[in-house]
Amino acid sequence: MDGKVAVQECGPPAVSWVPEEGEKLDQEDEDQVKDRGQWTNKMEFVLSVAGEIIGLGNVWRFPYLCYKNGGGAFFIPYFIFFFVCGIPVFFLEVALGQYTSQGSVTAWRKICPLFQGIGLASVVIESYLNVYYIIILAWALFYLFSSFTSELPWTTCNNFWNTEHCTDFLNHSGAGTVTPFENFTSPVMEFWERRVLGITSGIHDLGSLRWELALCLLLAWVICYFCIWKGVKSTGKVVYFTATFPYLMLVILLIRGVTLPGAYQGIIYYLKPDLFRLKDPQVWMDAGTQIFFSFAICQGCLTALGSYNKYHNNCYKDCIALCFLNSATSFVAGFVVFSILGFMSQEQGVPISEVAESGPGLAFIAFPKAVTMMPLSQLWSCLFFIMLIFLGLDSQFVCVECLVTASIDMFPRQLRKSGRRELLILTIAVMCYLIGLFLVTEGGMYIFQLFDYYASSGICLLFLSLFEVVCISWVYGADRFYDNIEDMIGYRPWPLVKISWLFLTPGLCLATFLFSLSKYTPLKYNNVYVYPPWGYSIGWFLALSSMVCVPLFVVITLLKTRGPFRKRLRQLITPDSSLPQPKQHPCLDGSAGRNFGPSPTREGLIAGEKETHL
């Protein structure tokens, strides 16, 4: 790769977990293998990462957490986690990818073979995300198509899906009061539950396939496929539009939102600080998990995207800018959301706490209800769902791209040949689509909630981030990694980053992880429906299937490597000798011993493709 420096032969070679290119490829195959590729320019990388990390959670999760956890006071724990965990781990993953030029699995193999399970765990999480995250796009597409009508279908109770319990509450409200209707539902709720989902009584009854959602899901996958089928050459171009267009929509909705009556009261609810809430550990846990969710940490995406950078790209500045952009977007989205919720509160004459929602409830219930109260409701509905689609679309196709990158880097001989990449993406898309069909059945919402609550939960991300920072800072060596970064960008990053890797980030991650376990409450759909025991078993399987990769592959690699235990351990924490080294390598002054362990025997390695790809 551009700018890489050959390793000096000053000591025994480090363990090689990925076969050398000459060993992997026969001469006759080399002509058929495509180059790995790089971003054409820095902007493609920045927009691709921005598209991945700036998604639906910025709009429907962060504003609600601020309101729920003390308004402006929530920014105190949020920014503590931002500086101590968010930026350091975000930068670590991007720098790791840029340094190794590998996807998530092979990057960790090269750095520390013993902890290759970190990369495999991230692939598991990526796979789950690719199955269920795109379901939100299918819902949004359904709402978008439904908005092209003379009257929004969730405005009245005169539709074939409505029940006798449907009541338009606005037509029964006086000036500032609402008559209670305990056994009645709103038209927007019935549209969501009966028209879109057709929801059943529980996960035990999946019902039939919602064919309209299945077609919307198919359309979403077709779009994703053609966004990435040519690799970074196509992805880098597509993100110019998909990553910037949502900002135009956000600005339009912001201008509309703050000019609505009642918007000021909604914004006050959003920002009014309640410092007493900081005594609640739950507030701190919410801040920490939000950082990990919104920064796409421990999902393998950042490492894969960073791997397409040029070796001397200044990823440090890029990461800091992207982290601030992500948080700023969340902050601005809060003004959009709560100005509209304030408007709803005033129009309905109810406290804002009764209209505040998060997650799908905000996107598919609260906001659709709000647009029915506005002039030109179809226009605002279309703009909102177009914004949602683009926010989710680039997060989805970048996540698929990262899974493809990890797979190709694991099997370069088989998958880098002409036409193989397109076939691999098609295979992933078809498999995820077929699995996703279970999530667009009448009982699919219950499965979706299991994926969302367990598969990529804060517990999983905190667990993996703890191992990531421990592996880099204490096993590979924070100083050594700083040397590598200095070789790439020309200077050493702010010392707080290294201090965070060594002490602050592991401590906060461990504390938050343990607290999350202690405060665990089983999932309830709508806070009402209790899953059967086998449903929770599926949920915990989704959660543990990623976390177990780390200890499992530590044991497997130790057992499959030959030799005395201490020798095996030393071999498996030795980085790959093919990794680029700083120009002023320590071996030049006779101090190579701290960087390289003893030479591993070829027979003792388990890095070959046949032995490690289980």
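Backbone N, Cα and C define each Cβ position, glycine as well.
The disulfide entry in Swiss-Prot for C157 points, among C112, C166, to C166. Counting Cβ pairs under 8 Å that are 6 or more residues apart, the transmembrane segment (211-229) and the transmembrane segment (423-441) reach 3 or more and are in contact. By the Cβ criterion (under 8 Å, sequence separation of 6 or more), the transmembrane segment (538-556) is in contact with the transmembrane segment (458-478), since 3+ such pairs are found. For C157 (disulfide bond), the Cβ neighbour count at a 10 Å cut-off comes to 20, with all displayed protein chains included. Counted over residue pairs separated by six or more positions, the transmembrane segment (499-518) shares fewer than 3 Cβ pairs under 8 angstroms with the transmembrane segment (238-255), which leaves the two as not touching. Counting every protein chain shown, the number of other Cβ atoms lying within 10 Å of the Cβ of C166 (disulfide bond) is 20.
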